[in-house]
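Summarising the annotation, Swiss-Prot assigns region 'Disordered' to 1-73. What Swiss-Prot records for 17, 312, 421, 471 is N-linked glycosylation site, and it gives sequence analysis as the kind of evidence. The compositional bias 'Pro residues' feature in Swiss-Prot is assigned to 61-73. If you look up Swiss-Prot, you'll see 119-139, 142-162, 556-576, 583-602 marked as transmembrane segment.
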């Protein structure tokens, strides 16, 4: 049996080991001081001996030294003692163990179970769509039989548009009449801004960080930036890994401590972690550098579980964290005025916030009341001042050849932006205004309350952080890897049915579209499989309201019958060519076309016209 890469890591017993690198610290302390910065930059550093520059000594004039910048300051390896820190806890660390026993699991059912499920689903997908297409072409006179499958999603979105209009009008009237006012708490909320990284380049990370620093109207809120880096991957074109340039360049000079046993990762092994703290442009930060790659979900479990146990002041329980690491990070928060954490603000390494994005998220969460546990913003494509064309064709290439050139294709930006508008439009706005159950809080722009309903162990560790076993079903395998944002929301609704989520359209974030077709298609595969698997499970998951069950059923059915829907569109085009304007003499056809026009017009205008919730 092949051994997975993570299985090569050795188990470490839960001991408190802090690597100090004292020898390097002593070496740097004994070294002569560096010349002043202005001397180095000016090329006038005096490197000659003290008695060689007297009046009687004439030295040949040497050429001026080249202009160089001083190296970044070395990290300060701190000395941490749990007994003297400002924050202390009584938690213990759970034992290191794999999430399942491979031999036992593989003996229960054959390893070909997933392969059997895969080909069975493909066979069913092809057979059902082929049967529907055959029936459509041979029995098109019975069109009313096929109408529910073709028009169910469209009619649902028309209902969404009408409901959104009524709800928005009602909300506007209540605000103008003074029945609904914004409540500002006496003590500003305290929150942590989390930035997960993997292989982002220097410019992407710096742009994202600066957008967090430049947020307006939140100066009175105590806050901290928490950057967690998953492994040591390099970005294309970078000489060092993302973790290296974050620790040693962008955040150089901070206090650093290394934990050989930091926490128990999702695979059951102890993860070595590097913690660095300091201030970035006046805002306190913590960098959490994981030695091994365990995926974004593992990083989210670490940060969210830590914030919950820190706020809850968990005592005498077993957690994933090394007690020394937990106390050290808790001391950093306490020393920076965050004795409690109200919110977690999440973004991605390739995302840029509007200047008032976080403020709009906070306002939306306040307006919802205590039952609203999370808010997401409006995610748009960052076009980087490029034209809106489908693609750009250089003059040196023929247009037809350039159409097949991956680096010149521009339509993925437009497709990405269109998909964002569709997903954030009618249904998500309906979920925000009417049902109160936005079933996806995108990780690139979200604000979540730190409480048991969102980050408690029952939600986070037992369900969200579940590692699929080899013999789990295909749906469980997909949900254990993809679409962590929508899966987290559905788990919250299932275990805490009274919890609600919202969407704040005025909180805007801009992301970079995939830069190649291979990455774009890979993203589509992950999003489609993850979201549709979650929609399928929501049909049967306990605690989900009936409206969301019905919408999920219609969404999954329409997606499953995609080839049949495309074939019906071709059939309509052929009928339009053959019959011409006679086809519009049918009143039912006119009604269907009007419904489609209303649907797309409503999607196009939802962001500009909708007032805040």
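Every residue gets a Cβ built from N, Cα and C, even glycine.
The Cβ of residue 471 (N-linked glycosylation site) has 18 other Cβ atoms within 10 Å, all protein chains considered. Between the C-alpha atoms of residue 421 (N-linked glycosylation site) and residue 471 (N-linked glycosylation site), the distance comes to 38 Å.
Here the Cβ of residue 312 (N-linked glycosylation site) has 15 other Cβ atoms within 10 Å, regardless of which shown protein chain they belong to. In this structure the alpha carbons, written CA, of residue 312 (N-linked glycosylation site) and residue 471 (N-linked glycosylation site) are 36 Å apart.
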